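Q: My structure is below; once you've seen it, I'll send some questions.
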Ligand code: BGC
């Protein structure tokens, strides 16, 4: 097993300065994360607004108003209500595999543009929705948009960044996700105060703003050198490489990209190729990481924090305000991970974040048990609300330093070019599938598993932390087209890498 923080990588390092053109390009592309984040943050708040519930989900509204549910744990349990939240992820799941082909054939920019545009139409339909059908149609379009941008943006960032700063620049995506969530929380807090019951329209319709930013922004971005070479535009690729690296001699890195592309061209079907034994480490890691990211339970907090807090006795304003507080912590801790990721490495962040989340989940489960017991019939004990809130905040901070950003960064940096787009498509699909499953089942799970739900997630955090410890090697500082060396040096994954995958091709120049 590699030592923490060590990559075992002894290959080349290319010029690693972060130039202003890389920074600008990465900032613009990261704004793709805004639409994803805005949506995550907006749905939880909107589904706790009475005016929204009474218009679209009157049965949930009545249950809540009359307090007729026998258990505190079950008062929001409605499949239709959860479908509103989770339909988006189902659409994103399907669209991300289409996006993988568009991203490979037409470039990363094209997918970002299509994603932004579809999201824009979805936002408008949601803002003017008059029935549940319109609402869900809007959500599906938003989902298609998210599928396209989440597939292309992390990949774009990883390809633009010099290896030494790839973690920092890639986490720009997650930073924008968290900023999007925070803005949405603030908007919900504001629109919930609007008398007249139309505040939710503003919340949903304002999603058009981040959508416009990424749609227009994508038109102004340069394409990545890797994608240009992949599509035979070598001269343009070289020019862009000189510009973004800020040095005249980009020959070694350019040659590396061209060699990676030649290998990629020899492979016709990236979808079936990904099943080959030599890609097994990447395939397994990039499928499990998004699944595990969702099994941390983060979206229980992101989607349903206002609903959960209402369940344990907070008023609507206090619930929405709490979502703002967790939103601020989410952004702050993501900044911390930006500062640490290329220094400490990915593994220490994963491991410490896992320990932090586990402790908080156990504590929250115990506190909720103390409040409502097994039956859920207990009354609200106000003094327990503050410790619950405290542990939720620490939990969000631990996630935002670790699985939040790394759940997107690591999959985007481990695939060789020939299967990169398809691989990222799998990561996004897996993320969306698990987000859908949690979004759709959480309120029922809370109703049936009660406080035990928090222990359910805690057990998963233990499993994923052990998985990182034994199976995920350090990838910091490894040039993206050299990642194969990391697997061949790993105690477990090296069994999938045959000598000819290393010897006799471009990796052999660098020794292992
Ligand atoms: C996850 C989302 C989550 C968000 C919270 C992202 O990395 O993919 O599911 O809601 O982080 O900040």
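Glycine residues also receive a Cβ, built from the backbone N, Cα and C atoms like all the rest.
Curation does not apply to TrEMBL; its annotations are automatic.
These figures come from a predicted structure and were not determined experimentally.
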Q: Under TrEMBL, which of the candidate ranges 253-276, 349-372 is annotated transmembrane segment?
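A: Of 253-276, 349-372, TrEMBL gives transmembrane segment for 349-372.
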Q: Kindly point out the range from 36-54, 55-73, 112-130 that TrEMBL annotates with transmembrane segment.
A: 112-130
Q: Honestly, do the transmembrane segment (316-342) and the transmembrane segment (80-100) touch, with at least three Cβ pairs under 8 Å and pairs 6 or more apart in sequence?
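A: No, since the transmembrane segment (316-342) and the transmembrane segment (80-100) share fewer than 3 Cβ pairs closer than 8 Å, they do not count as touching.
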Q: Against which stretches of its own chain does the transmembrane segment (283-304) lie, if we need a Cβ under 8 Å and a gap of at least six residues from its ends?
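A: For the transmembrane segment (283-304), the sequence-distant neighbours (Cβ-Cβ under 8 Å, at least 6 residues beyond its ends) are 40-41, 43-44, 76, 85, 181, 274-275, 326, 357, 361, 392, 395-396, 399, 403-404, 406-407, 410-411, 414-415, 423-424, 426-428, 430-431, 434-435, 437-439, 442-443, 453-454, 457, 460-461, 463-464, 467, 471-472.
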Q: Check the domain 'Major facilitator superfamily (MFS) profile' (25-476) for me and report the mean pLDDT.
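A: On average, pLDDT over the domain 'Major facilitator superfamily (MFS) profile' (25-476) sits at 88.
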Q: Can you say which of 136-157, 169-187, 422-446 has the most Cβ pairs under 8 Å with the transmembrane segment (112-130)?
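A: Between the candidates 136-157, 169-187, 422-446, the best contact partner of the transmembrane segment (112-130) is 136-157.
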Q: Flag the pair the transmembrane segment (199-221) / the transmembrane segment (169-187) as in contact if three or more Cβ pairs fall under 8 Å (sequence separation 6 or more).
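A: These two stretches do touch.
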Q: Quick check for me: are there 3+ Cβ pairs below 8 Å between the transmembrane segment (80-100) and the transmembrane segment (422-446), leaving out pairs under 6 residues apart?
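A: Yes, since the transmembrane segment (80-100) and the transmembrane segment (422-446) share at least 3 Cβ pairs closer than 8 Å, they count as touching.
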